[in-house]
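As structure tokens, the structure follows; a few thoughts come after it.
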């Protein structure tokens, strides 16, 4: 049993470290995305690449990593809780025997695990966004702990940390659902059309075809991109709501529907609801690749295979 416990711990560390490496790689893009999504007045007239160049000029190269500390503190427990919750939920869902396929089991358990992890680590996400939105010379928050204290005292105690939770949870379900659906569809079409080119026999069952690793990554990437496009306006909504008091137009962005309407009326679809989307695509590819590669290396390092 002891070995089993340590296996859990080792895979937990591997998942956490992989997540942290992936997030640090794309931290500059994350920071720029937050500045653009909520139209920070210093950078609002700029596009993606000009903002990436302007931040180091204005705030130094470390400016690109603003809010990354809070992000690391969040990514680690996020991965762990999701990992634990997924196993627990899967047992519950299978026990209820809802008469549905294994894919749906995984999808339900995955969505529930994701939502649990988000709720548990949401205050850290809130703090990270506030820190990332600050521009040098106009600091409202001195650091992670100071930001926690300020939000707690100035914005209605504990509930202040959960602004924007609704669009996050609403956005997660279609995100998980569509990425799962797209991935499954691409996989079955691919294996049916070009089994020799794209597939290889599974190691544990030679009669079953599975996708080759690079094809798997590609399909995962496409699935992620489609799912993101669908749930992106909710991501913009969440950021606006999280920034709340920091933005001049916060009283118009109190609920999810209000915020969606306001962003659409003020900035339209392309410049409002989908602002920073191209950046999101660029950000996701290296992030997925780094996470995947790090996790594989750590699995070998911790003897998890």
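Every residue gets a Cβ built from N, Cα and C, even glycine.
Feature list (source: TrEMBL):
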- 6-92: repeat 'Solcar' (REPEAT)
- 101-189: repeat 'Solcar' (REPEAT)
- 211-301: repeat 'Solcar' (REPEAT)
Seminar exercise, completed: Using DSSP three-state counts, the residues of the repeat 'Solcar' (211-301) come to 79 helix, 1 strand, 11 coil
For this session: With DSSP as the reference, give the number of residues of the repeat 'Solcar' (101-189) in helix, strand and coil.
Result: 74 helix, 0 strand, 15 coil
Exercise. What does DSSP give as the helix, strand and coil breakdown of the repeat 'Solcar' (6-92)?
Worked result: 73 helix, 0 strand, 14 coil
